[in-house]
Amino acid sequence: MIASGPPPRVYWTSLIFLLLACCLLPTGAQGQTYQVRVEPKDPVVPFGEPLVVNCTLDCPGPGLISLETALSKEPHSRGLGWAAFRLTNVTGDMEILCSGICNKSQVVGFSNITVFGFPKRVELAPLPLWQPVGEELNLSCLVSGGAPRAHLSVVLLRGEEELGRQPLGKEEPAKVTFMVQPRREDHGTNFSCRSELDLRSQGLELFQNTSAPRKLQTYAMPKTAPRLVFPRFWEMETSWPVNCSLNGLFPASEAHIQLALGNQMLNATVVSHADTLTATATAKTEQEGTQEIVCNVTLGVENRETRESLVAYRFQGPNLNLSESNATEGTPVTVTCAAGPQVQVMLDGVPAAVPGQPAQLQLKATEMDDRRTFFCNATLKVHGVTLHRNRSIQLRVLYGPTIDRAKCPQRLMWKEKTMHILQCQARGNPNPQLQCLREGSKFKVPVGIPFLVLLNYSGTYSCQAASSRGTDKMLVMMDVQGRNPVTINIVLGVLAILGLVTLAAASVYVFWVQRQHDIYHLTPRSTRWRLTSTQPVTVAEELS
């Protein structure tokens with residue numbers, strides 16, 4: 001590998017040598033008709049490689065041939081009219097001179113050596129850790145060494161795509177800068193620099209060298225702040241949900257989100273979907289008063305933060321108690337509704353005298369109080385907001401069984417082979433067992449369910465409700481009426497006779513009506529006037 005050009009010492013040595021050579025030439029030599037050929041002519045040589053130079057004198061009777069150069073040289077071979085020299089270490093561009101004697105005159109020939117070398121280093125300057133989408137970004141390619149610079153250029157690559165190309169300057173090391181506008185799709189894309197040494201015009205080839213790639217990370221952060229969702233009023237020592245989200249992030253999966261309550265970091269569950277990042281946590285506090293909850297979202301080199309306040313309060317109670325939850329009928333019962341300081345309680349619509357004091361209700365347990373529900377309402381004012389909490393409790397009263405006379409008739413009259421329900425009911429606490437048994441036979445009739453009534457169900461039944469609190473009895477008379485076949489036959493006979501009589505009467509009536517249409521009333525014959533028929537044909541027809 002070589003530097004961008006030959007050392008300054010080589011240039012100065014060559015220049016001095018050429019000036020001296022020109023000055024020493026005889027006048028006749030400057031107008032020479034003979035020449036010295038230098039081969040190869042204007043060669044392109046790899047840096048540090050040896051080069052064999054052949055000097056040939058085109059004249060009859062050639063004399064001594066020599067090679068003048070500042071480079072290290074050694075004789076290689078020689079013949080009539082020619083001499084070859086080996087340059088052992090070509091490290092820079094320079095002009096070499098071959099000279100010889102022809103007809104006692106000195107003639108010279110020149111050749112320019114061009115040294116080429118690949119860059120020692122091709123590197124893409126470090127990229128920013130994160131680059132905002134759409135903002136201009138300057139990417140720099142650094143190249144050390146390489147020659148000839150006139151044939152050396154630098155290409156910026158995005159993956160395998162060529163983004164730009166620039167010639168390489170002469171400074172050492174050389175720096176070439178390209179401007180790009182990163183896109184979202186450039187996130188995670190590799191960028192690199194490629195040097196190109198194009199020696200195809202010198203009969204060689206195109207030499208390329210690519211730097212190590214660097215990955216670009218792009219991001220997009222919205223201008224809006226995260227959205228916090230949580231209850232504004234928190235009861236102490238109770239867990240509450242906290243939710244924070246931010247839309248418009250890219251890439252959302254690379255963003256970081258934190259939730260904090262005061263100085264306490266919350267253990268949040270983070271989920272990213274499309275361009276949205278969401279954090280969910282549960283939190284509780286043991287400190288009463290106003291506190292701050294913070295949500296912070298970081299992406300790239302930017303962050304967005306939201307701070308909001310909450311109020312933590314202590315709401316003790318209400319506690320609703322019964323002096324006897326299962327009271328015997330007739331015993332006194334005290335109902336108490338109590339809560340913490342500054343809490344106003346109300347028992348069944350009756351408030352306590354002052355906040356912080358309990359409310360009480362006293363009663364004597366009766367059957368009507370069984371399953372009675374008492375309600376306690378507690379209110380607490382926090383920063384101008386009234387908070388409510390309710391409790392309820394049920395009283396059970398123990399009392400003996402009672403059969404409901406209104407629903408259990410003492411006398412029943414039913415038809416045989418019909419479906420009926422004995423609607424007797426009993427109340428009490430504990431719930432009594434009710435059964436109805438026929439006196440004498442202890443035959444049990446179903447209670448409360450449909451059954452088929454038979455003729456032998458007739459009789460007097462003793463219905464008894466029993467529980468651990470006592471018993472209650474009542475008598476029910478059941479009269480089942482059977483179906484009589486004789487009576488049915490008599491009824492059918494009577495109906496048949498009535499039908500015959502009706503039919504006979506109808507026949508007589510019809511006959512009488514028809515006879516009425518066939519009767520003619522005639523006036524007795526007069527001795528004076530002779531009767532003549534006004535309708536002789538009709539009468540004749542009727543008589544006939």
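Any Cβ shown, glycine's included, is placed from N, Cα and C.
Per Swiss-Prot, the features are:
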type	residues	note
SIGNAL	1-31	signal peptide
CARBOHYD	Asn54	N-linked glycosylation site
DISULFID	Cys55-Cys98	disulfide bond
DISULFID	Cys59-Cys102	disulfide bond
CARBOHYD	Asn89	N-linked glycosylation site
CARBOHYD	Asn103	N-linked glycosylation site
CARBOHYD	Asn112	N-linked glycosylation site
DOMAIN	134-200	domain 'Ig-like C2-type 2'
DISULFID	Cys141-Cys193	disulfide bond
CARBOHYD	Asn190	N-linked glycosylation site
CARBOHYD	Asn209	N-linked glycosylation site
DOMAIN	237-302	domain 'Ig-like C2-type 3'
DISULFID	Cys244-Cys295	disulfide bond
CARBOHYD	Asn267	N-linked glycosylation site
CARBOHYD	Asn296	N-linked glycosylation site
CARBOHYD	Asn321	N-linked glycosylation site
CARBOHYD	Asn326	N-linked glycosylation site
DISULFID	Cys337-Cys376	disulfide bond
CARBOHYD	Asn377	N-linked glycosylation site
DISULFID	Cys424-Cys463	disulfide bond
CARBOHYD	Asn456	N-linked glycosylation site
TOPO_DOM	512-544	topological domain 'Cytoplasmic'
Rounded mean pLDDT for the residues that make up the domain 'Ig-like C2-type 3' (237-302): 94
The domain 'Ig-like C2-type 2' (134-200) - residue tally per DSSP class, helix then strand then coil: 7 helix, 42 strand, 18 coil
For the domain 'Ig-like C2-type 3' (237-302), the number of residues DSSP places in helix, strand and coil: 3 helix, 41 strand, 22 coil
Of Cys59, Cys141 (the disulfide-bonded residues), the residue whose Cβ has the fewest other Cβ atoms within 10 Å: Cys59
For the glycosylation sites Asn54, Asn103, Asn267, Asn326, the one whose C-beta sees the most other C-beta atoms within 10 angstroms: Asn54
Integer Å distance between the CA atoms belonging to Asn267 (N-linked glycosylation site) and Cys337 (disulfide bond): 39
Cβ contacts of Asn209 (N-linked glycosylation site) (under 8 Å, same chain, 6 or more positions away): Phe118, Pro119, Val122, Arg194, Ser195, Leu197
Between Cys244 (disulfide bond) and Asn296 (N-linked glycosylation site): CA-CA distance (Å): 9
C-beta crowding around Cys295 (disulfide bond), within 10 angstroms: 27
Glycosylation sites: Asn296, Asn456 - member with fewest neighbouring CB atoms within 10 Å: Asn456
Rounded Cα-Cα span from Cys141 (disulfide bond) to Asn326 (N-linked glycosylation site), Å: 91
Around the Cβ of Cys337 (disulfide bond), the count of other Cβ atoms that are within 10 Å: 27
Cβ-Cβ neighbours of Cys98 (disulfide bond) (radius 10 Å): 27
Listed recorded positions among Asn103, Cys141, Cys463 whose Cα sits within 10 Å of Cys59 (disulfide bond): Asn103
C-beta crowding around Asn112 (N-linked glycosylation site), within 10 angstroms: 13
